């Protein structure tokens, strides 16, 4: 691209939105085929294409923002608004799951035995693994804030250490959640309780994996001297997203694990 003589956001022609859309189509189609037919071909294809798209698109944005200087103050302002709108859309996404949960639990139908949890369902103890998960995510919220303050104050080593700790806590949360799913006394097929529990907590788990990936990219960029104390919006966006994931978990814990049990 030729040098631009203005400060505004002019996007270069890019194939990655298209490949990302194709990857999303393959992933959803692959899931729909995997459940009834136990075939992983389409799902694997979608995952590979998604990973390639993520790598290439992130590389392009890092190049534009870090080395070509395209992320001027007006562009950063636009990116901030974009991230705020994205998180707002995610709030409404999770609102649907909470709506389904409260719709089912506040007025249980006779088919559920007129009670919540439904007859025959043994809920998980909210004061065991779920409480540990809450502590892990709250601790990761503290460490990501520590990383942010370290970057703003130019404390490079502290930023790397705190960011590494945040990512490790994120992966530990994912591991605990996977163990909980494996040992749960009910499944996604166990009526409305099973489906609302696994869909809500499952999508939250997916968001934790996405957030951990986002922070891992930020860690690599911090190691490679991409962030300065004034110019680090990539990290800020990841931190906002991580705090959003934290807050959603608190609502899930209070609603589904504690009150719902």
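Any Cβ shown, glycine's included, is placed from N, Cα and C.
The topological domain 'Mitochondrial matrix' annotation in Swiss-Prot covers 1-15, 67-72, 224-232. Residues annotated as transmembrane segment in Swiss-Prot: 16-34, 41-66, 73-105, 129-152, 156-183, 191-223, 233-256. Taken from Swiss-Prot, the feature topological domain 'Mitochondrial intermembrane' covers 35-40, 106-128, 184-190, 257-261.
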Region pair the transmembrane segment (73-105) / the transmembrane segment (233-256), three or more CB pairs under 8 Å: yes
Counting Cβ pairs under 8 Å to the transmembrane segment (129-152), which of 16-34, 41-66, 233-256 comes out on top? 233-256
Mean of pLDDT values spanning the topological domain 'Mitochondrial matrix' (1-15): 74
Long-range CB partners for the topological domain 'Mitochondrial matrix' (224-232) (under 8 A, at least six residues beyond its ends), listed in sequence order, are 62, 66, 71, 151-154, 159, 218
Beyond a gap of at least 6 residues from its ends, the CB atoms lying under 8 Å from the topological domain 'Mitochondrial intermembrane' (35-40) belong to none
